[in-house]
Amino acid sequence: MLRSLFIALSQNRKLRSFSERSAVGRQLSGRFVAGMSVEDALGACERVNREGIAVSLDSLGESVREESEARASAEIYHRLLDAIAERGLKANVSVKLSQVGMDFDPALAERIVGEMVEHADQANSFVRIDMEGSPYTEATIAMTERLAARFPGRVGTVLQAYLFRTEGDAERLLGQGIRIRLCKGAYKEGPEIAFPAKVDVDANYVKLMKRLATFSKNGTGVFCGIATHDEVIVDQMREFVREHRVPKSAFEFQMLYGVRRDLQRRLAAEGYGVRVYIPFGPEWYPYFMRRLAERPANVLFLAKNFFKN
Ligand code: FDA
């Protein structure tokens with residue numbers, strides 16, 4: 001129930017606008033968001049890189065309504081790609097389609113992301129198209145396919161284990177050599193398209209994770225991201241790759257900034273590839289609320305820390 005409440009609140013425009021402008025809101029968001037500026041994000045990236053952990057930088061923003069906002073978002077991504085190359089950072093970028101105009105002009109969104117992928121291609125980098133709620137699933141996959149055909153190996157997307165369709169989507173993308181980040185899924189979806197019970201989502205995650213690992217192992221070169229903080233699943237992955245001799249170079253674990261830092265460091269120390277997703281920027285509210293939805297205990301944690309300071 002709390003999960004649904006926080007997801008509903010994440011879409012509330014009035015609360016979003018109020019929270020994003022308040023100093024208290026910004027302070028609280030620091031738990032999951034690396035700061036408000038590009039410099040804040042690059043600083044966090046450097047700190048994480050020093051621990052032997054790679055990064056995906058996400059300039060927060062979603063559901064934009066005007067071309068000027070979409071273009072402004074894109075501009076930040078071009079700055080990030082330049083800074084990554086100039087400073088030699090171990091990082092790539094993640095972007096949401098609703099942040100670049102998908103809701104009102106899908107052709108514009110594709111042009112904008114296409115320009116980013118072209119830039120990533122020139123800079124020897126990579127663009128991950130995040131996956132949003134189910135109205136975006138097919139369009140996101142289809143756009144990724146078109147861009148990957150133009151820039152092979154420079155763009156990938158995300159699949160969500162809670163959706164019934166994901167097994168088919170995984171085969172579809174693997175067949176084209178497109179990189180997948182596998183996550184459980186962070187949005188509210190109905191029982192006609194998604195597993196309602198967490199236990200089924202987890203089981204589907206493990207099944208898909210093994211499929212991705214097996215596929216990568218067979219010399220196909222499709223590198224996959226195992227994006228979860230679920231330690232039971234992480235352990236199953238470690239065991240599976242050991243038993244099936246999947247090289248560590250065939251995949252990486254991915255986690256969110258501020259979540260399970262201990263596990264991130266431990267896996268990196270064991271020689272696994274680890275990438276941390278670092279979000280930043282003044283439009284932190286929907287992202288932050290989805291993080292609370294995943295673990296409502298975070299509300300208590302935040303409240304305690306807030307009153308301590
Ligand atoms: P689960 O929710 O079962 O949590 C397992 C354990 O992890 C918890 O018991 C707790 O210990 C810890 N944990 C999880 N979330 C936490 C939190 N917020 N705070 C503190 N501890 C927490 N989703 C999506 O729909 N589209 C996308 O593009 C992405 N992209 C993405 C990138 C990366 C790198 C990650 C790690 C995740 C995403 N997600 C996502 C989010 C994903 O779908 C999912 O909502 C969260 O990762 C939480 O699920 P877990 O797999 O961690 O397991």
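Positions of Cβ are set from backbone N, Cα and C atoms, glycine also.
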Record-annotated FAD site (TrEMBL): member among Gln122, Gln160, Gln254 besides Met131, Lys184, Gly185, Ala186, Lys198, Thr228, His229: Gln160
Count of other CB atoms lying within 10 Å of the CB belonging to Lys198 (FAD binding site): 11
Mean predicted confidence [pLDDT] for the domain 'Proline dehydrogenase' (43-302): 95
Site extent for substrate, whole Å (max Cα pair distance, Lys96, Arg290, Arg291): 16
Cα separation, Arg291 (substrate binding site) to His229 (FAD binding site) (Å, whole number): 12
